[in-house]
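Peer 1: Per TrEMBL, NADP(+) binding site is recorded for Gln57, Gly58, Asn59, Val60, Arg101, Arg102, Glu113, Gly285. TrEMBL lists Trp278, Gly285, Ile286, Ile287 with the feature FAD binding site.
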Amino acid sequence: VVLAYGAESDRVVGIPGEDLKGVHSAREFVWWYNGHPDGRNLDPDLKNTDTAVILGQGNVALDVARILLRPTSELAITDIASHALTALEQSSIRKVYLVGRRGPVQAACTAKELREVLGIKDLYIHIKETDLKITPADEEEMKNSRIHRRIYELLSKAATAGPSQPSSGQRELHFVFFRQPDRFLESYDKKGYVSGVHLEKTGLKGIGSGKQIAIGTGQFENLSCGIVLKSIGYKSVPVDDLPFDNQKGVVPNLKGRVLSDNSGDPTSFENGLYVCGWLKRGPTGIIATNLYCAEETVASLSEDLELGVLASTTRLPKLGRDGLLQILDNRNVRVVPFSAWERIDKEEKRLGGLRNKPREKLTSWEELLKVAGSK
C-alpha cells in the first residue's frame, strides 16, 4: 500500500521582478512566524516600510494580514515564535493591502478567518463601494454557495460600519479587488529591492455553471510598498510513476483510490495506491477539511483490506514496520517516534510557561533533535 501526499509550489510564474528583495512567499512567512525551522532565517524587513501588499485573499493571506496588523501585546500570549514577535514589535507596517484578481463574491477565504481579521482592535477597513456592486452572475454564484454569500455580507458590512477615513496612527487594511500583478517594481533608491507592484485591472468572464474567471483589461496602476507576500494558491507537482491530471493538479482518484487515468472509470484502479490531501482534491479547505479527506481515504483502504482487494501477490512474508525502519536506516533517515515528539511537546510547554505562553517553540532542527533524543 502506498499513500501519496505530494508537494506544492506557490511561485508566481513569469512575473518580472519576482526575485527582488522584499518579495516573499506567504508560505515562507507563515513558517517564519510559526517557528518552522526552515523559515527561521527568512528575516523579512518590517522596519523600513509602512506598507505591505499581500497577493491573494484566501485564508493564508488573511492570516498573514492578521499577524501584521494585530497588536503585539495580544500576539505575545500566543505560541508565535519569539524571533517573529521581536520583529513585529519593531515593525513599521501600518497599511496592508489584500489584492485579489476577482471580486468580493469570489474571495477564497472562509467566514471564520475573515471575521477574525475584521475583528482586530482599532483597525480601519477600506473597501471601494464600486467593488461591492454585484451582477446577475454574482447573484448566481451566491445562490449556489452559502459561503460566498456570507463572505460578501461580511465585507459589505465592514465597508460601511466604520469611519470614512482612518484616524492618525491607526492601522489600515485595504481590500483591493479586480487587480492582478503584472510585474514587481524595483526601487530607484535601493537597487535590487521591491518598491511596489504594477497591477492590471481585471473584469469577470462567465465560464458556465455559475463560475467566473478574471481577465485582464489592459488598464494598469501602481501600488507602492516595501514588502510583498505572495499568497495566490498552490499547485501540486507530479510524483514519479504516479498518474497525474496536469490541468487540475491532482492525482485522479475516487474516494482516495488512485485511478490509472482521468476518465473517472471506477474499474481502472491502481491496486494498492491511495492518495490524500491537496494531491487528492486540490489546494482547498482548512485543517478540518484535511481530516475528512484523510478519513475518506483510510475508509477506502480499510474497505479494500476487508474485501481482499489488497491480498498479497507474493508468498514472501511482509516485513511491515521493521522492514520500513530498515529501509529508512539504509537511507540514513533519522526517525523521530511519537515518544520523542512527546518530549518536544513537554519541553515547549515548559518553556512557554516561563513566559506566560501556551508554548515556546523550538525553532532549529538541532534543538528539536536534541530534545527528541533526551531521556
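Positions of Cβ are set from backbone N, Cα and C atoms, glycine also.
No curator has checked TrEMBL annotations; they are predicted automatically.
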Peer 1: Out of Trp278, Ile286, Ile287, point to the one nearest Gln57 (NADP(+) binding site) in space (Cα versus Cα); all of them are binding-site residues in the record.
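Peer 2: In terms of Cα distance, Gln57 (NADP(+) binding site) lies closest to Ile286.
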Peer 1: Give the distance between the Cα atoms of Asn59 (NADP(+) binding site) and Trp278 (FAD binding site), rounded to the nearest whole Å.
Peer 2: 15
Peer 1: I'd like to confirm something. Which of the binding-site residues, Trp278, Ile286, Ile287, has a Cα closest to the Cα of Val60 (NADP(+) binding site)?
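Peer 2: Smallest Cα separation from Val60 (NADP(+) binding site) among Trp278, Ile286, Ile287: Ile286.
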Peer 1: Would you measure the largest Cα separation among Gln57, Gly58, Asn59, Val60, Arg101, Arg102, Glu113, Gly285 for the NADP(+) site and round it to whole Å?
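Peer 2: So the maximum pairwise Cα distance among the NADP(+) binders is 19 Å.
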Peer 1: Could you give the Cα-Cα distance between Glu113 (NADP(+) binding site) and Ile287 (FAD binding site), in whole Å?
Peer 2: 12
Peer 1: To the nearest whole angstrom, state the Cα distance for the pair Ile287 (FAD binding site) and Arg102 (NADP(+) binding site).
Peer 2: 25
Peer 1: Which residues does Arg102 (NADP(+) binding site) neighbour through Cβ under 8 Å, counting only same-chain ones at least six apart?
Peer 2: Phe177, Phe178, Thr202, Leu204, Gln212, Ile213, Ala214
Peer 1: Cβ-Cβ under 8 Å from Gly58 (NADP(+) binding site), same chain, 6 or more residues apart: which ones?
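Peer 2: For Gly58 (NADP(+) binding site), the qualifying residues are Ala107, Ala108, Cys109, Ser231, Gly233.
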Peer 1: Which chain neighbours of the FAD site, leaving out Trp278, Gly285, Ile286, Ile287, have a Cβ atom within 8 Å of the mean position of the site's Cβ atoms?
Peer 2: Thr284, Ala288, Thr289, Asn290, Cys293
Peer 1: Using Cα coordinates, what distance in whole Å links Gly285 (NADP(+) binding site) and Trp278 (FAD binding site)?
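Peer 2: Gly285 (NADP(+) binding site) to Trp278 (FAD binding site), Cα-Cα distance: 9 Å.
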Peer 1: When a 10 Å sphere is centred on the Cβ of Asn59 (NADP(+) binding site), how many other Cβ atoms does it contain?
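Peer 2: Counting Cβ neighbours of Asn59 (NADP(+) binding site) within 10 Å gives 19.
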